Amino acid sequence: MRHQSYELKNIGTVLKTTQTNWILIGLGVTLFYIATQAYMYIYSFRTVGANIGLWDGTKLFLKRNLISVFLPGGGVTSLAFFTKEIEQQKISKTRINFASYIYGFVGIFTVFLVAIPAMLWLLLTHQQFAGELWAFVGVSVLLIILALATWSLLKQGIVFKLVARFSPEIELVWKEIISDKFSYKAFIQTVLISLLIEFQGISHLLIAMAAIGKVPLFEAAAVGYIIATLFLIVSPFLRGMGAIELSLILFLKHYGFTTNEAAAITLLYRMFEFWLPLVAGVFSFIFNKGNIFLRIFPAVLLFGLGLVNIISVLTPAIKSRLRLIVEFLPVQTIYISNFLVLIIGILLIVTSAFLIRGLRNAWYFALALCVFSLVGHITKAFDYEEALIAFFVLIALLLTQKQYYIRTNRNLQSLSLGAAIWIFAAVTIYGIVGFYYLDKKHFDVDFTLAASVRNTFVNFILLNSDGLVPRTRFANWFLYSINLFGVTAITLVFYAFIKPYFLEREIDATELNKAQQLLEKYGNSPVDYFKTYADKLFFFSEDHDGFLAYRVANNFAIVLEEPVCFNSVGVKSSILREFEKFCQQQGIKAAYYRVDGLSLDLFGYLGKKWMVIGQEAILDLDTFSMEGKDRKSMRNAVNSMQKKGFITQIYEAPIKEGLLQKLKLVSDEWLQSMEREELVFSQGMFDWEQLKNQTIITLENEDEKVLAFLNIIPDYTAGEATYDLIRKTPDAPGGNMDVLIIELINYCKNKGYHYLNMGLAPMSGIEKAQDLPERTIKFAYEKIQQFRHYRGLRDFKEKFDPLWRNKYLVYENTYDLLQLPLAISKVMKP
């Protein structure tokens, strides 16, 4: 152990003598290395007829390079990850995988090309490196296997057939690639770029040699790099960590380097070639737009800093530092600093809870508290470790400031600030008069006017820096009363400055009329009818003739679908940007509910994310028929109803009061029996005035008792009809819903409609989940009993063989998904 400690010290001594200019050159080569890897990805994609940008290539390399450390055979297996962002650019997954395959194949191929002369040199010079030769053999075997697999793909042999079994689209994509999309020029450019990467690796070793003051040896650097890279490729775990370092140190010693020098060169080389790209990969995850880490990490850091502050005050200071700080600062200042650090620690913990909610003022508070904390740690006992933590948290807050957008209520701020000032004024008079006229026996002090003012102020902010000791119960009560008023004032101000602002607006008749006119002019959706429902707020574009309908909950503006305006991508994008700017000014965040899949590109331009929330059923009335064995159960249900004396009735608007009363009874019984409440936003509730002006289809018995009903609402999609409420009594006969829908289908056909929109089947339709949120929805839909009624709804609509269209929730970042379910639940309530 003593020998190892001595060796480590010697390595440290060597590293301390490194030349800064060479280190900077090494960092520059590392940046060039990362960019070159990105270009290798770009040309790999060009080889298969696809295009990605430099930033896409950089992120792909950094992320795959990072996870390759934690995957078995990471250099190869990592190539299957992080395809989603590339897929969003309309590049198929098969094409992405093929481009990644080319990237991996070429990378190994160029190592093999450079390794041949290096291995020949080792053999000719009779140097004994059996492990390295076996690694070369392993790479050669791997390259042969890949070459045979590539040949099999080109000739559509057994490998092609195996891949096609798991990814049938490969046949179509492959034919397209080999016909006119495969670029041999781009493939050769990929090889040349990969060769450049190999020489960058060699240059890193040369720079590491020069950095410790040694003459760079090209032969040692070239062969050493190949040895390290061979172990990197053949290592099954952790990308050869340990094996690379050991083999490289042993190899460099053969070229006259001491053990310490060889170790220092190896550490520098690995820093340039391995650790710096790895750290860059971590940051590519952390600072990726929409990353949940960005929202949570600063709040966690702030909470941790609060604990550090409290623990730092409660534990004894280091005596040598305390003696040092006393030479520069009075003891009273050190005492105050200790107390302030404690109070700041408590405030940091409280503020972290509000910071995680995205409050802008919480961010300002956190920033100020970090600065005070940094100063406090230095002035209380020169605790530079804690001060560095505060500085690090401060930097993290500055880097993530765009995450904090929620405004606070300025009216409440003004009110609370005014109240706090009045409290302070009253306490100032109360305290000065009290201290000045108090009998000496209460504190053993005869207060001057200046002392009265000072003690009132310091006790108001809970400091008591003069160390007043109450001698009587009255004196104790007097100090506590000032403290209590101080706490009240501080709490009022703190609460007002961090309480979220809730947008409150009322829609007037003019706005409603304008929205209805735009709806008549531009409406093209089955849920457009609900965009002028009583629960909605409107955002009207200043630049275009259009609007958005939304509701606000939990600092989210939940928009129903997309803009109602002229059907143009440019117009819709412009209105969406206007609305996003409006939300930012209001301190709220936008989310878009029930967006059609054809409109996702609009939100892609805004950098949004989306997830499937269900599928909408659309029945083709022109092809639907009650004939055939598949419809036998429906025919039987209709016939059974007729035999039992049940009939369907169609009532055109205006609906009479008597019928509305019957419908109300059915609706109330349905809500009670199903243990549900009325929902709105993308659907309607039982509204007497609305139903009076709509067509109603009922199922009635011989006594004209209504047992079930549905209402037809306006559908702004050309040639399409839809319905809203479909409700029944608990004693309605089986098949009642089927009969109502069949009657609706016949009614729509007679009216000349071509399609019937049967509404959303929530949470359904996710056959292959793309990410964790979709996997969660799929699992809940299929496995959790609480959502079984959604499966029943899907099964009911499935009987009519409709077409299914995906509907999406569009949001800003993954963290939003933790809050959006509650916000959506709130906007659904009347």
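Backbone N, Cα and C define each Cβ position, glycine as well.
Listed in TrEMBL:
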- 518-811: domain 'Phosphatidylglycerol lysyltransferase C-terminal' (DOMAIN)
- 21-42: transmembrane segment (TRANSMEM)
- 102-121: transmembrane segment (TRANSMEM)
- 133-154: transmembrane segment (TRANSMEM)
- 191-213: transmembrane segment (TRANSMEM)
- 225-252: transmembrane segment (TRANSMEM)
- 264-286: transmembrane segment (TRANSMEM)
- 292-314: transmembrane segment (TRANSMEM)
- 335-356: transmembrane segment (TRANSMEM)
- 362-380: transmembrane segment (TRANSMEM)
- 387-405: transmembrane segment (TRANSMEM)
- 445-465: transmembrane segment (TRANSMEM)
- 477-498: transmembrane segment (TRANSMEM)
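Counting only same-chain residues 6+ beyond the ends of the transmembrane segment (335-356), those with a CB under 8 A from a CB of the stretch are 295-296, 298-300, 302-303, 305-310, 312-313, 362-363, 365-366, 369-370, 372-373, 376-377, 379-380, 404, 462-463, 465, 494, 498. Within the same chain, the transmembrane segment (292-314) packs against the transmembrane segment (387-405): three or more Cβ pairs sit under 8 Å, each pair at least 6 residues apart.
Below 8 A, the CB atoms of the transmembrane segment (264-286) and the transmembrane segment (21-42) form 3+ pairs separated by six or more positions in the chain. Taken together, the residues in the domain 'Phosphatidylglycerol lysyltransferase C-terminal' (518-811) have a mean pLDDT of 89 on the 0 to 100 scale.
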